[in-house]
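Peer 1: Questions regarding the structure given below will be posed in turn.
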Amino acid sequence: MERHFFFSACALLLLAASTASPARIVEHKFYVQNLTVNKLCNTQIITAVNGRLPGPTIRVQEGDTLLVHVFNKSPYNLSIHWHGVFQRLSGWADGPSMITQCPIRPGCKYIYKFTIIDQEGTLWWHAHVSFLRATVYGALIIRPRGGHSYPFPMPYKEVPILLGEWWNTNVFDVEKLAVATGAAPNLSIAYTINGWPGDLYPCSENQMYKLKLLQGRTYLLRIINAALNHELFFKIANHKLTVVSIDARYTQPYVTNVVVTAPGQTVDVLLTADQPVGSYYMAATAYASADGVLFDNTTTRGVLAYDGAPSSTTPLMPVLPDFNDTPTAHKFYSNLTGLVGGPHWEPVPLKVDHEMLVTIGLGLEPCPANTSCKGPKLSASMNNVSFVRPTSLSMLQAFFFNVNGVYTTDFPIKPTIEFDYTNASINNNIPMLFAPKGTKVTKVKFNSTVEIIFQNTAILGVENHPMHLHGFDFHVLAQGFGNYNLAIDRKKHNFINPQMRNTIAVPAGGWAVTRFTANNPGVWVLHCHLDMHLPLGLATAFVVENGPTPETTLPPPPVDLPQC
């Protein structure tokens, strides 16, 4: 039997001796249409893929080319984002509506085609239009190429664990109402594990995810936070979890009894069934960092049942952290480190070409005339610019065809208004509250290095913002609380073994330092993954110029690219 060990300096890349298998073409068909479901004492219509919630799990190997035929049979405009996939020279397949493509209209189709390059682990896919990703999502699992092994012990079984949110109403209308009224969106009424709410909710005693375990075996749980607007604590009663990967990046093994995930993030953990035969609850509940802001304060749970456990056994329940336990969340987020020398490890680029200090937070904007909005409505901004998506042409088409007037390349490299960012008493400052709107981006040369210091603000309250960068992973050099201080906080930067991610949960009332190499031409959006914050304007984009060769130049769009 092939043996597997944790990665070490004395055993660099324990790869199987067999010749790597050739890359494959993996093909799927997604039929997106409305579906009637019964959950939480309610019959309602949702939009789903292939009649399933979550949607299909896609399994590929590193190096494979993936073709997904998306047939939009729903009544809504639609696009699919392959969250975390680099999309090297395939930016036309990235998926964010009006950034890299116009949406797929009802009754139309589009083929997403891309190759998985230099990535292994757990990613996922989801709708990138409106709140549709509440029910249009699924796992994307990337295994090592044939002949290559994991840098950790081979698990007995791999299990996707997708954490979601549930509304007893049409989610499309949830966002529509929030935009119309200018208020925060209605709260979800439940969380889910693999689509099931669990027995703490009404009419849900038999709607609970169950996983059978064999005592002594080790399982790889691929945890995905697919919730729209909540970070989540995840815990299993009486069991330790060993983190081995985050956002499809291998980590130094980190043992914990609780996992914290922000929307968009993935965490791979090893779970060993080393407890007495019985049943144990897994549970997830909100980490709500914003003081005084309403949130879904419920708990979803599923059951891990050891083989041989009597069906009458009452499962043990884990003790979950308090909803506002920021120390526990920060400990988890900040203790993760990269697996130096492991598969696809990248050292930190030391030379920086573009340094940016970017404030992120909420604000207000005047209500448009002749609307149901009363008083100022919610808005959001980065560096005091509230992002507006184009309406007639995607930004990537404008980039490729040199069309002017779709975006401007004057996104500020530092806040246009400097202030005491985390001081909540400045909420009455009108210029900071009402940020101007625009489609402003940062233009960078191919292969340049960008450092972004994300600075949270206290305008309208502090909260943890999960910032997601399309097309790249970044090194997380440091994170902390308060205002970033260059003289003091630069000393905290980790240049040796920092974690790498595509989504960073910027601490509530704090900051995070990230760095990435812009080695992929195209237009790549950077936005908050709390779903309501994107339409409010908490976004910007990077325009990466073509490189000097055909291999570093964005190819033309596919012939079936949706048109506006």
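Cβ from N, Cα, C; glycine included.
Pulled these features from TrEMBL for this protein:
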DOMAIN    32-145  domain 'Plastocyanin-like'
DOMAIN    158-309  domain 'Plastocyanin-like'
DOMAIN    411-547  domain 'Plastocyanin-like'
SIGNAL    1-22  signal peptide
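A description of the local structural setting of each listed feature is requested, covering burial, neighbours and distances.
Peer 2: Taken as a whole, the domain 'Plastocyanin-like' (32-145) shows an average pLDDT of 97 in this prediction.
Helix, strand and coil counts from DSSP across the domain 'Plastocyanin-like' (411-547) read 18 helix, 58 strand, 61 coil.
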Peer 1: Per DSSP, how many helix, strand and coil residues does the domain 'Plastocyanin-like' (32-145) have?
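Peer 2: With helix first, then strand, then coil, the domain 'Plastocyanin-like' (32-145) has 8 helix, 58 strand, 48 coil.
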